[in-house]
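Please read the structure below before turning to the comments.
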Amino acid sequence: MKETIRIIGIDPGLLRTGWGIVESLGNSLHFIGSGTVTSNAEMDLASRLCQLHEGLSKVLHEFMPHEAAVEHTFVNKDATATLKLGQARGIALLAPAQAGLPVAEYAPNAVKKAVIGVGHGEKQQIHMMVKVLMPRASFDTSDAADALAIAICHAHHRQSIVSARRMQALLAG
């Protein structure tokens, strides 16, 4: 028997952290919600991280996902910016883990491959395919669209794992 799994995808960023929630039932995906949690750029780093944590925690409490997926961040030439992005990513991992969710991580090229079929592509291609895969999807920022793509990637990945386990069980007899 198939079960519906609610997945939150999170696209971490210090100024804007995108989130997108989908429900996966077998091979079908349904859009549940998306949005962006922001931090005030004029505040100190610790306060900004608290804003992100509080915002993500509210989303998790409101939508009650079963699993989370977070995108790996890329290394920037600016070491300070990379470190700050890493700290925001830490919040993106912490909030769902504190809520008791299993958290998966995906490289940006894995997300692109799952959504557009190739590991390299433009943001517009990703956003267009998110709308093709889920016509009712809406997103207020590119960060929210990217978060939906991360959730879609996780749904496809976990479906492959479930199928492989079923095949192993059948072969084992």
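Cβ atoms are placed via backbone N, Cα and C, with glycine included.
For reference, Swiss-Prot has these:
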type     : residues  : note
ACT_SITE : D11       : active site
BINDING  : D11, D143 : Mg(2+) 1 binding site
ACT_SITE : E71       : active site
BINDING  : E71       : Mg(2+) 2 binding site
ACT_SITE : D143      : active site
Spatial separation of D11 (active site) from E71 (active site) - C-alpha basis, Å: 6
Cα separation, D11 (active site) to D143 (Mg(2+) 1 binding site) (Å, whole number): 6
Candidates D11, E71, D143: member of the recorded positions with the richest Cβ shell (10 Å): D11
Assigned element (helix, strand, coil) containing D143 (Mg(2+) 1 binding site), judged by DSSP: helix
Where E71 (active site) sits in the secondary structure, as DSSP reduces it to three classes: strand
